[in-house]
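K.L.:
I am attaching a structure below and will ask some questions about it afterwards.
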Amino acid sequence: MKIAVYPGSFDPITNGHLDIIERGSKVFDKLIIGVLVNVDKKGLFEIEERVELIKKVTKHIKNVEVLSFNGLLIDFLKASNAKIILKGLRAVSDFEYEFKMALMNNKLDPDIETVFMMTSAQYSYLSSSSVKQVAKFGGCIEGLVPKEIISDVIRRSKI
């Protein structure tokens, strides 16, 4: 069974993330969305909320599981019996960073492989940071995040 982990902070999950999840779920037998606890950032949503939002927008995908983790990604993969890291790429700048991370992860565990998936062109500009910025100033986020969570993002952005 090919089990992959798609890690990220997903704060909030965007349509670009969902695109990678939907496409990745067709490539792997099981896709675990690893929602990371980033102690260096104060998130828009708490970790438990992010997990629930992702579950809400991925409930139609049967081979997806959503879990939170902290610590090393490699340790999370081992605990999940996964050998593959799935990463979405928007631009060359993403590749430079992710390539270095893939090399580090492979150094920590040579059995781990990183698979890069290009984001669909219509989402190549999209990031959680840009969604938060637009929502904070009252801009329209339709088409940027899944429709099921638009009200959650707007409500939280006004706090």
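Backbone N, Cα and C define each Cβ position, glycine as well.
According to Swiss-Prot, the record shows the following:
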type	residues	note
BINDING	SER9, PHE10, HIS17, GLY88, LEU89, ARG90, GLU98, TYR123, SER124, TYR125, LEU126, SER127, SER128, SER129	ATP binding site
BINDING	SER9, LYS41, LEU73, LYS87	substrate binding site
SITE	HIS17	site 'Transition state stabilizer'
K.L.:
Given the binding-site residues HIS17, LYS41, LYS87, which one is most crowded in terms of C-beta atoms within 10 angstroms?
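P.N.:
When each Cβ's neighbours within 10 Å are tallied, HIS17 tops the list.
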K.L.:
Taking the Cβ of LEU126 (ATP binding site) as the centre, count every other Cβ atom within 10 Å, in any protein chain shown.
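P.N.:
I count 20 other Cβ atoms within 10 Å of it.
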K.L.:
Counting only residues 6+ apart in the same chain, whose Cβ is under 8 Å from the Cβ of SER128 (ATP binding site)?
P.N.:
SER9, PHE10, ASP11, PRO12, ILE13, THR14, HIS17
K.L.:
Check SER9 (ATP binding site) against DSSP and tell me helix, strand or coil, would you?
P.N.:
coil
K.L.:
Could you tally the C-beta atoms, other than its own, that fall within 10 angstroms of the C-beta of SER124 (ATP binding site)?
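P.N.:
That number is 13.
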K.L.:
Which ones in the same chain are close to GLU98 (ATP binding site), with CB under 8 Å and 6+ residues apart in sequence?
P.N.:
LYS87, LEU89, THR114, PHE116
K.L.:
Measuring Cα to Cα, how many angstrom lie between LYS41 (substrate binding site) and LEU126 (ATP binding site)?
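P.N.:
Distance between the two Cα atoms comes out at 19 Å.
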K.L.:
Would you mind reading off the Cα separation of LEU73 (substrate binding site) from LEU126 (ATP binding site), to the nearest angstrom?
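P.N.:
Just about 24 Å between their Cα atoms.
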K.L.:
Would you mind pulling the DSSP three-state label for LEU73 (substrate binding site)?
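P.N.:
Where LEU73 (substrate binding site) sits, the three-state DSSP reduction gives helix.
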K.L.:
Just how many other Cβ atoms lie inside 10 Å of the Cβ on LEU73 (substrate binding site)?
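P.N.:
LEU73 (substrate binding site) is surrounded by 20 other Cβ atoms within 10 Å.
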